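According to Swiss-Prot, the disulfide bond annotation covers 239-241, 272-275, on the basis of sequence analysis.
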């Protein structure tokens, strides 16, 4: 099944809800970055959370999330847009612990760390950016997105993200949900939301069992009839890197740096952090870039 995200209203229009299956997308990220279990779970959770923030944006806006904890995984970076296109990378892809956490799951908190920052940069278009930053509160990532939304954007939310990793490090299931309270929500509605959240199985297990974004939202809302579906968006791993972009980056290094590439290395190879694609520049190509540099 192809990955997709569903936006809806629930609780008499008092909550905006999102759910997504991202299994194929996270499989692609795992394949590109050769991530081991804990790194896969952390990267997949971050990418899914970033996907939800991207889905909140306007058509031409982009969002970049960086989670920088004190654990062995190092910084995790993901970016997404309103069209469901997402990419991401983790600094140390080879983190695996033989011991599970107290809940019997992969110990993502230990991998990410419990001290550090979650940063969000919104590219609003026209060269205008908005940056928000909150401390990591758990290292489990879903709770950290929840805290960011409440603190930096003043939106009371609940974010649940999960990745089920097979013993051979392949991805079995991935996805998540996000619920946001809208102004006017009553105490009764909040109580009902809390009750439904408590009864919700873990995201990755729901997706492994074949649940769709629509059926996850129905559980979240307390019934399919209580949902007003707004939009369905395809989700995929997409990277917009290109040789031209890397050429521009090389030009920005300046003539001295390019001269050293020509004289010492007789060429250059650039690798995209996000997708691991590589771009080779011959000595002749570097000479052309040298002429364009200042």
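Heads up, the Cβ atoms here are built off N, Cα and C, so glycines get one too.
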Fill in: Cα separation, residue 241 (disulfide bond) to residue 275 (disulfide bond) (Å, whole number)
8
Practice prompt. Measuring CB to CB from residue 241 (disulfide bond), give everything in the same chain under 8 Å that is also at least six residues away in sequence.
Written response: 272, 274, 275, 277
Worksheet entry | residue 239 (disulfide bond) CB neighbourhood, other CB atoms within 10 A | 18
Worksheet entry | Cβ neighbour count within 10 Å of residue 272 (disulfide bond) | 18
Worksheet, complete the sentence: Around the Cβ of residue 275 (disulfide bond), other Cβ atoms found within 10 Å total 19
